[in-house]
Amino acid sequence: MINFIVGAIGLLIASIYDLKSREIEDYVWVSMVIFGLIYNGYLSFISHDMLYVIQSIVGFIVCFFLGFFMFLLGVGGGDGKLIMGLGALIPKYNMPIHTPLGAILNYLYLPSFPIMVVINAMFFSITLPIIIFLRNVIRGVKPKTKKEVLCMFLGEKMKVSEAIKKERLILGNHENLKLLPSAEKDCDFSKFDKNEEIWVTPAIPFVVPIFLSYLLTSIIGDKIIGIFLSVFGL
């Protein structure tokens, strides 16, 4: 329970950082990793069972690759690092299992809890494009191309000067649009006029759905996957 509370505090701090500046300080995820290794090492010591510390180390390694895969898909590097932190901190948690995935999730060395947190966070994020679209419609944004129609669900249109102040990432203009921006490459606004309107990333970080998922996954487990499978008759 202590490690769950530490994880909740870490994700809350990360969410605040990400909402304010879209940058997550490294000390957040590093602290989660260090505490996780020490805490699980302590559990192994007092129980004379190496399973806890092994699960923590394996959880960190598996979640490193999961975080890297998320980064390749365009998710911020800070989000992936937080998943690494969860892998070391709380690789396993007594969550309810509602689907046949239970046999896989219950595998001894699989960091099932962080993986389930990411999966549920993806489901929670499904509603975000609808919110972004409605916000654009209310603002009177009118798409001119097929890609701009997609951007209505994925980004916001604003003046370059405003985007710079809000530290957004560039999606582009109607002539050249990129739907998956890179935090390293798509932050140079010098090629645009400051009064020009362009498409940029919305101010809805993925850390927030991760934080929400973290709190709820301990209660619902893989229930959302169960609902999804039942809808499609699987």
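For all residues, glycine too, the Cβ spot is worked out from N, Cα and C.
Taken from Swiss-Prot, the feature site 'Essential for catalysis' applies to ASP18 (among others), supported by similarity to another entry. Its own atom aside, the Cβ of ASP18 (site 'Essential for catalysis') has 23 Cβ atoms within 10 angstroms in the protein chains shown.
Mapped onto three states, the DSSP output places ASP79 (site 'Essential for catalysis') in helix. Look at Swiss-Prot and you will find ASP79 (among others) tagged as site 'Essential for catalysis', backed by similarity to another entry.
According to Swiss-Prot, the topological domain 'Extracellular' annotation covers 19-23 (among others).
If you look up Swiss-Prot, you'll see 73-78 (among others) marked as topological domain 'Extracellular'.
Annotation source Swiss-Prot lists topological domain 'Cytoplasmic' at 90-110 (among others). Through the fold, the topological domain 'Cytoplasmic' (90-110) approaches residues 3-4, 7, 36, 51, 54-56, 58-59, 62, 116, 217-223, 225-226, 229 of its own chain, all at least 6 residues removed from its boundaries and within a Cβ separation under 8 Å.
According to Swiss-Prot, the topological domain 'Extracellular' annotation covers 140-205 (among others).
Per Swiss-Prot, topological domain 'Cytoplasmic' is recorded for 218-234 (among others). Long-range Cβ contacts of the topological domain 'Cytoplasmic' (218-234) within its own chain (Cβ-Cβ under 8 Å, at least 6 residues beyond either end) map to 4, 93, 95-99, 101-102, 105, 113, 116, 119-120, 123.
Only residues 6 or more beyond the boundaries of the transmembrane segment (2-18), in the same chain, are considered here, and those with a CB under 8 A from a CB of the stretch are 24-25, 28-29, 31-32, 35-36, 39-40, 76, 78, 82, 85-86, 89-90, 93, 205, 207-208, 210-211, 214-215, 218. Annotation comment: Swiss-Prot describes 2-18 (among others) as transmembrane segment, evidence class similarity to another entry.
The transmembrane segment annotation in Swiss-Prot covers 24-46 (among others), and the record cites similarity to another entry as its basis.
Long-range neighbours of the transmembrane segment (50-72) within the same chain, counting only residues 6 or more positions beyond its ends whose Cβ lies under 8 Å from a Cβ of the stretch, are 33, 36-37, 40-41, 43-44, 79-84, 86-89, 91-92, 108-111, 114-115, 118. If you look up Swiss-Prot, you'll see 50-72 (among others) marked as transmembrane segment.
Look at Swiss-Prot and you will find 79-89 (among others) tagged as transmembrane segment, backed by similarity to another entry. Within the chain, the transmembrane segment (79-89) has long-range Cβ neighbours (under 8 A, six or more residues past its boundaries) at 3, 6-7, 10-11, 14, 24, 26, 28-33, 35-37, 39-40, 56-57, 59-64, 66-68, 70-71, 111, 113-114, 117-118, 205-207, 210, 214.
If you look up Swiss-Prot, you'll see 111-139 (among others) marked as transmembrane segment, on the strength of similarity to another entry.
Sequence-remote contacts of a segment are chain residues at least 6 beyond its ends whose Cβ falls under 8 Å from one of its Cβ atoms, and for the transmembrane segment (206-217) they are 7-8, 11-12, 14-15, 18-19, 24, 75-76, 78-79, 82-83, 86, 93, 95, 113, 116-118, 120-122, 124-125, 128. Per Swiss-Prot, transmembrane segment is recorded for 206-217 (among others).
Cβ atoms under 8 Å from those of the transmembrane segment (111-139) belong to residues 55, 58-59, 62-63, 66, 70, 83, 86-87, 90-93, 95, 104-105, 152-157, 202, 204, 206, 209-210, 212-214, 216-218, 220-222, 224-225, 228 of the same chain, restricted to positions at least 6 beyond its ends. DSSP classifies ASP18 (site 'Essential for catalysis') as helix under the three-state reduction.
Between the CA atoms of ASP79 (site 'Essential for catalysis') and ASP18 (site 'Essential for catalysis') there is a gap of 9 Å.
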